Amino acid sequence: KCRIIREFPDIVFKGLTLVQVSQKFGKAGFEDVKKVTEEIVHLNEDCCKGDAVECMMERMEATDHICEAKDKLSSKLADCCAKSILERTPCLLALPNDESDLSKELKNYYEDERVCENYKKDKLLFLAHFTHDYARSHQESSPQSCLRVSKGFEGLLEKCCASENHAECLKQAPILLEAALKEIEELRKQNCGALQLLGFRDYNIQLLFRYFFKMPQVTAPTLVELAGRMTKVAVYCCGLAENKQQTCAEEKLDILLGEMCEKEKHTFVNDNVRHCCVDSYANRRKCFTDLQRYPNYVAPKWDESKLHFNEDLCKGSEDDQIKKKLEVLVEYMKMKPDCGPEKLKEVVEAFRKIDIKCCAAEDHQKCFDDEKAGLLQIIEAH
């Protein structure tokens, strides 16, 4: 939260909080949700300044105010509000979302003849109402996805309300809303399907390759860590009920990518990564997903000494061994970025066979020394 407050305009965190509160209290009216949102935004801004005592006091005040308004917000609040002051906050955070009985179509936002009049009167307020209604009627969508839809709808309103026939133009709205849902559903199926088909190890390698080509300048350990954490996110989230998978994945990837962007912000590895990190919070995950191969990468001169085929690959925990082996693959790709998928597959399989053989051998190092020439022959045949 503090990273979002620091790195993006105020309206981003306000919008994110509005979505989260709207989804939590799905039956609550806009004005009540707005009050809670404003208080949560204010307390987080203060908490991020580092005053722990003031932060705790404001958090307790906020929970008091939520409990005072419990009848307006949610029927599920009674149990949490009956707890002690210290127990209330964790209880509220763990509270399941209140389902809304609102239609997902939200036709009043694009079929009403006064849409453009109302939008022009107060654009921010109109969009806040839309965001509130969209979020509470789409509980299966992540907060980031809801913000993307809201941003897309804003763009449509700007275009249509400036046109001569705005009613005709606004007929694109349901197409836009449906496309957003279709995209995230396809992404969910694609990733969970690939994980199920490939298994942890090969899905991890696939992600490693995919992100290497997006950001080939990143160091091997950083790339291996990123792909590994993404794979663990997929394993956890794809194990949940289908309607929870997308929200789970996007929220966890949002934290992961935020951490990476924080580390990279002083010297971004390339312009594409910089663009994804700083241009739009709502579109950050989508931006990284959509990134294509970085076109301006210049590979270093071939140097086989960077490929550490030795007994170290068999030492340490299983996780440590996997990381070291994947780092060798990244170093290979850095020097041979133009190898195609078939060549990559051939190299991975050859490396895997030698690794299994040598780590099972009595003398690991002698085995690697004996096998290295044959592996390098496969690697360099490009």
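In case you wondered, yes, glycine gets a Cβ from its N, Cα and C as well.
These figures come from a predicted structure and were not determined experimentally.
Taken straight from Swiss-Prot:
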type: DOMAIN; residues: 1-178; note: domain 'Albumin 2'
type: DISULFID; residues: CYS2-CYS48; note: disulfide bond
type: DISULFID; residues: CYS47-CYS55; note: disulfide bond
type: BINDING; residues: ASP51; note: Zn(2+) binding site
type: BINDING; residues: ASP51, GLU54; note: Ca(2+) binding site
type: DISULFID; residues: CYS67-CYS81; note: disulfide bond
type: DISULFID; residues: CYS80-CYS91; note: disulfide bond
type: DISULFID; residues: CYS116-CYS161; note: disulfide bond
type: DISULFID; residues: CYS160-CYS169; note: disulfide bond
type: DOMAIN; residues: 179-377; note: domain 'Albumin 3'
type: DISULFID; residues: CYS192-CYS238; note: disulfide bond
type: DISULFID; residues: CYS237-CYS248; note: disulfide bond
type: DISULFID; residues: CYS261-CYS277; note: disulfide bond
type: DISULFID; residues: CYS276-CYS287; note: disulfide bond
type: DISULFID; residues: CYS314-CYS359; note: disulfide bond
type: DISULFID; residues: CYS358-CYS367; note: disulfide bond
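Projection of Swiss-Prot feature records onto the structure.
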residue	record	DSSP class
CYS47	disulfide bond	helix
CYS55	disulfide bond	helix
CYS67	disulfide bond	helix
CYS91	disulfide bond	helix
CYS161	disulfide bond	coil
CYS192	disulfide bond	helix
CYS238	disulfide bond	helix
CYS261	disulfide bond	helix
CYS314	disulfide bond	helix
Cβ neighbour count within 10 Å of CYS359 (disulfide bond): 16
Among CYS2, ASP51, GLU54, CYS169, CYS261, which are recorded as recorded positions, the nearest neighbour of CYS237 (disulfide bond) by Cα: CYS261
CYS169 (disulfide bond) and CYS161 (disulfide bond), Cα-Cα, nearest whole angstrom: 8
Of GLU54, CYS248, CYS261, CYS359, i.e. the recorded positions, those within 10 Å of CYS276 (disulfide bond) when Cα atoms are compared: CYS261
Close disulfide-bonded residues near CYS81 (disulfide bond), where close means Cα within 10 Å, chosen from CYS91, CYS169, CYS287: CYS91
Least surrounded among the disulfide-bonded residues, given as CYS48, CYS248, CYS261, when other CB atoms within 10 Å are counted: CYS48
Among CYS81, CYS238, the most crowded of the disulfide-bonded residues [Cβ within 10 Å]: CYS238
Distance [Cα-Cα, Å, rounded] between CYS367 (disulfide bond) and CYS359 (disulfide bond): 8
